[in-house]
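**Student:** Have a look at the structure that comes next, please.
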């Protein structure tokens with residue numbers, strides 16, 4: 001029954017997505033810095049969360065300074081993380097996503113034309129070009145969000161972090177904001193075509209300044225600092 005409901009709701013979302021994608025395409029010539037696309041993505045995300053009866057609770061927004069660009073580093077446990085973050089973070093964010101997502105029909109097109117950065121992790125030269133593109137995005141006045149694990153975890157437990165986001169932070173001299181997503185794996189597990197109603201909690205921690213970190217050692221230090229913040233929040237949730 002849950003799968004039937006999922007496909008019914010997914011069908012409704014698909015029917016809504018098509019006209020929204022067409023409208024977004026028509027507005028592309030006026031899409032200054034991707035702002036129109038991000039606005040449409042926010043509307044789409046709210047619709048998705050509403051249809052699946054998923055609420056988003058955000059703590060820590062007072063840690064962000066208006067008009068400041070950040071690199072948000074987050075854990076990742078569910079497909080619902082993306083609409084939750086788009087709705088929950090009041091910033092012009094662009095995701096750093098794996099190249100494979102760009103090959104998905106419609107979704108890949110939306111990612112490319114929405115100004116999101118696709119990174120080819122199998123090709124170091126292309127990956128470096130993607131990082132350079134992300135630096136240019138930051139300089140243009142947007143923030144970048146990176147799922148540090150590079151993929152979703154099955155049970156909400158932290159996977160090993162990848163260094164891309166931390167290298168980007170050092171090269172662009174942009175503060176890192178640790179973001180912890182709680183409870184999303186219970187709402188929609190990896191590879192499961194079921195969505196359970198519930199609340200996703202997002203914790204936005206204080207920015208970590210990166211000026212004093214350099215090279216590979218600096219990346220590793222920033223990775224450890226950020227991981228500890230997110231890990232601590234996840235452990236606090238377990239303790240209740």
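Yeah, the Cβs are placed from backbone N, Cα and C, and that goes for glycine too.
TrEMBL lists these features:
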type	residues	note
DOMAIN	70-184	domain 'Phospholipid/glycerol acyltransferase'
TRANSMEM	6-30	transmembrane segment
**Student:** Average the pLDDT scores across the domain 'Phospholipid/glycerol acyltransferase' (70-184) and report the rounded value.
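**Tutor:** A mean pLDDT of 85 is what the predicted model shows over the domain 'Phospholipid/glycerol acyltransferase' (70-184).
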**Student:** Let's see if you can do this one: DSSP helix, strand and coil counts over the domain 'Phospholipid/glycerol acyltransferase' (70-184), in that order.
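**Tutor:** Per-class counts: 46 helix, 25 strand, 44 coil.
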